[in-house]
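First comes the structure, then the notes that go with it.
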């Protein structure tokens with residue numbers, strides 16, 4: 001049993017020795033061993049294709065006879081057109097970009113019995129370590145593969161459009177040669193008029209903002225035989241990974257979309273109006289750059305007079321209070337080629353989503369609408385009358401400001417005494433008790449540019465719904481006290497209770513208040529009666545000594561046939 005095992009081992013050694021010393025088995029055809037296969041092979045080499053590849057050429061014993069790496073340049077050639085040894089022509093067919101193969105070529109498919117000068121001896125088997133980097137065909141055009149399509153595409157790139165896009169540029173093997181991302185700046189250019197390489201001019205057509213696509217082009221539509229002299233070799237296919245960010249045409253005007261118009265629109269804005277509006281501002285790709293909401297303050301400006309960019313000046317004309325709209329503005333009507341620096345790039349299309357809060361014109365007056373007439377009207381309000389009324393106050397967008405109903409009491413004023421804003425003075429004139437009115441008051445007749453901190457924004461139009469509750473007739477203009485009866489001929493003596501020929505302030509006050517209480521005289525309603533009386537005494541005390549003499553005392557000049565005032 002042991003001898004049998006030894007004999008088997010002896011025979012195995014003889015076989016191995018014979019194999020090592022036997023002459024090599026001749027190759028009838030090429031032998032290909034794939035040492036690296038890429039995960040994806042979008043294209044395999046066919047006869048007639050043009051390829052770029054690297055190689056290392058060795059003999060079977062490992063001795064190198066040639067290398068493209070040593071020359072620092074790929075080997076570029078058509079396949080299947082006898083520009084290569086027959087074995088390499090066959091080996092390249094079917095290879096994919098980035099595939100690496102070890103190719104063994106017998107002499108009859110290489111340099112045969114003649115060899116190649118002093119470099120390759122006759123009847124040499126050749127080994128090539130081949131790495132395919134590029135493949136294209138003279139019949140190739142631009143190839144487009146879209147891998148992201150936006151949900152909304154209102155417009156596509158056409159010839160003569162101006163676009164802004166980001167890109168990564170690679171060779172077909174994935175070698176990066178350029179990127180707008182690394183420069184942190186879009187590439188901005190016209191399309192289809194020769195400002196770009198032909199393949200990019202074609203590849204950008206039909207794109208939507210937000211779309212992403214791969215644009216692959218042969219060298220004839222790229223940088224041709226010579227490359228770019230730097231990062232792009234000659235005869236190189238190019239692949240651009242592109243995302244389109246912006247698109248416009250120099251002929252474009254503004255575009256108004258997404259309009260939400262309130263049911264009631266009695267007036268539309270015109271040039272010269274002053275508008276308060278909120279907005280969100282973004283670029284065409286959706287990149288946000290500004291918002292009035294974030295500042296919690298409307299943007300307030302005149303329209304049509306050059307106070308804002310031209311596109312916004314146009315977009316805010318013909319708009320209603322409460323309306324919402326999207327205004328898309330090309331760069332020549334916005335911030336042009338320069339942009340604004342960090343927020344708005346040059347040549348950027350801008351998109352504003354605006355909401356109109358209110359607007360007015362400097363020539364506006366208080367707008368009065370009677371919403372309920374009084375059943376009876378004996379007299380209408382006039383200057384000097386003391387009126388009591390209820391109101392609900394709001395902004396034009398409906399934001400509530402204040403209401404007397406919340407306090408359970410009326411608001412009381414003397415008309416014409418500057419106790420309310422001018423627009424309210426006007427709105428309460430010629431009104432009947434029981435009447436209701438809707439008042440729209442422009443800011444220059446209300447609280448002006450400053451508004452009321454925490455209550456009324458600056459330059460705000462105000463809306464009041466008022467109801468007149470009561471009216472107390474005022475005195476004639478210029479009077480604070482009048483007699484209801486004939487004036488006593490012995491008026492001074494009646495005031496001078498202590499008969500010292502002087503009227504003290506207390507005597508004067510007591511007398512006037514007694515006349516009022518007895519209905520013989522009347523003070524102007526709505527004012528502090530004692531302040532009125534103090535003022536009357538001051539007017540009579542002509543020398544300012546705090547007492548009135550008979551010489552000082554006189555009635556107001558005969559300004560009325562039936563009434564007199566001190």
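Backbone N, Cα and C atoms are what each Cβ position is placed from, and that goes for glycine too.
According to TrEMBL, the signal peptide annotation covers 1-20.
Taken from TrEMBL, the feature domain 'PPIase FKBP-type' covers 48-136 (among others).
Per TrEMBL, domain 'PPIase FKBP-type' is recorded for 160-248 (among others).
Looking just at the domain 'PPIase FKBP-type' (272-360), the mean pLDDT is 96. What TrEMBL records for 272-360 (among others) is domain 'PPIase FKBP-type'.
Taken from TrEMBL, the feature domain 'PPIase FKBP-type' applies to 384-472 (among others).
Using DSSP to sort the residues of the domain 'EF-hand' (483-518) gives these counts of helix, strand and coil: 18 helix, 3 strand, 15 coil. TrEMBL lists 483-518 (among others) with the feature domain 'EF-hand'.
The domain 'EF-hand' annotation in TrEMBL covers 528-563 (among others).
Mapped onto DSSP classes, the domain 'PPIase FKBP-type' (384-472) shows 13 helix, 37 strand, 39 coil.
In terms of DSSP helix, strand and coil, the domain 'PPIase FKBP-type' (272-360) has 13 helix, 35 strand, 41 coil.
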